[in-house]
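Here is what TrEMBL says about this protein:
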type     : residues                                                                     : note
ACT_SITE : Cys129                                                                       : active site, nucleophile
BINDING  : Lys43, Ser44, Asn126, Lys165, Ile191, Gly218, Gly244, Gly245, Gly266, Thr267 : FMN binding site
BINDING  : Lys43, Asn67, Ala68, Met69, Gly70, Leu71, Asn126, Asn192, Thr193             : substrate binding site
DOMAIN   : 1-288                                                                        : domain 'Dihydroorotate dehydrogenase catalytic'
Amino acid sequence: MLKTKLWNIEFKNPVFLAAGVMGETGSALKRMAKNGAGAVCTKSVGIEKKEGHKNPTMVEVEGGFLNAMGLPNPGVEEYILELERIKSEMKRMNVKIIGSIYGKNETEFQKVAENLIPHVDVLELNISCPHAGGGYGSSIGQDKCLSKNVVSAVKSVSDIPVIVKLTPNVTDIKEISNSVVNAGADGIVAINTLGPGMVIDIESKKPVLANKFGGMSGKAIKPIAVKNVYDICSTVEVPVIGVGGITTGYDAIEFMMAGASGVQVGTGVYYRGYDIFQKINQEIEEFLKNRDLNLKDIIGISRK
Ligand code: RRO
């Protein structure tokens, strides 16, 4: 009932693991796959190993979390070994792999893409980390020319679908969306974390995060994510994957009604556990069954 075909790939369901959560190792990805995800997304990987920011890198706030992980990853070559280890079981479970990549510029993006493409089903370009600094952050995703150049460079070497993760921290999400789609993006993922924000500990009188500030995820950002998806779907024709504050099937349905063809779950894993994917799928199925609807019937329905 929840089978979803996007870019000629059949996903067993439209509820995917978002980048950055439970994606640092192959075994963590496999665990999410076993818990019912239709696809799993890797932690964003770059050319070289990166330690990430110092601890603490996460702090819980009302309605979500702030994170400043700082792109910790083992580098693309090491990461490929992680993927090799889980390859056959992922095939057996029929769970697709989305490879999230980052880089300082289009040349770096292209190099990482060339390495990773043979090992994943879909490539996700992370041009939207709100606090990575050093040119890695949302600076690319806030500039329509830089975004376009990155997408063109990766598309020129890719034989698999290339989707682009956008930041909500822009004045015109439609403009950026059109720019990446005109450059050849096969889909859009919206949204990366919001902000960044800051929490100050009033006893120590200092910001809690070692990096001082971090991107906001979780329930509180859902209305912003839904509005971004709604706006993006009104301007581009490619599939849009909604992400931002999804913890229940009803949240997922809301994103689909805004136009999303699929969803990703990140922070939700902390709220509802690893089996959140099964739970969300069950809730979507029940909702549809009780109303005699199919998934296709609800996608974009709020826009009609
Ligand atoms: O690693 C991170 O700090 C991070 C990344 Br790459 C991202 O895209 N979004 C985010 O909130 N954190």
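Cβ coordinates are placed from backbone N, Cα and C, and glycine is handled just like the others.
This view paints the features noted in TrEMBL onto the structure.
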| residue | record | CB count, 10 Å |
| --- | --- | --- |
| Lys43 | FMN binding site | 25 |
| Ala68 | substrate binding site | 28 |
| Gly70 | substrate binding site | 21 |
| Asn126 | FMN binding site | 30 |
| Cys129 | active site, nucleophile | 28 |
| Ile191 | FMN binding site | 28 |
| Thr193 | substrate binding site | 30 |
| Gly244 | FMN binding site | 32 |
| Gly266 | FMN binding site | 25 |
Note = Sorting the recorded positions Gly70, Asn126, Cys129, Ile191, Thr193, Gly244 by sequence and keeping only those with a Cβ under 6 Å from ligand 1 gives Gly70, Asn126, Cys129, Thr193
Request  = Would you kindly give the Cα-Cα distance separating Cys129 (active site, nucleophile) and Thr193 (substrate binding site), rounded to the nearest Å?
outcome  = 7
Inquiry  = I'd like to confirm something. Which of the recorded positions, Lys43, Cys129, Ile191, has a Cα closest to the Cα of Ala68 (substrate binding site)?
reply    = Cys129
Ask   = Which one is closest to Gly70 (substrate binding site) in space, judged by CA to CA distance, out of the recorded positions Asn126, Cys129, Ile191, Gly266?
value = Cys129
Query = Hey, what's the widest CA-to-CA gap across Lys43, Ser44, Asn126, Lys165, Ile191, Gly218, Gly244, Gly245, Gly266, Thr267, the FMN contacts in the record, in Å?
reply = 19
Ask   = How many whole Å apart are the CA atoms of Lys43 (FMN binding site) and Cys129 (active site, nucleophile)?
value = 12
Task = Measure from the CA atom of the residue listed as 'active site, nucleophile' to the CA atom of Gly244 (FMN binding site) and give the result in Å, rounded to a whole number.
result = 14
Separation of alpha carbons, the residue listed as 'active site, nucleophile' and Gly266 (FMN binding site) (Å) = 14
Message = Rounded to a whole angstrom, what is the C-alpha distance between Ile191 (FMN binding site) and Cys129 (active site, nucleophile)?
response = 10
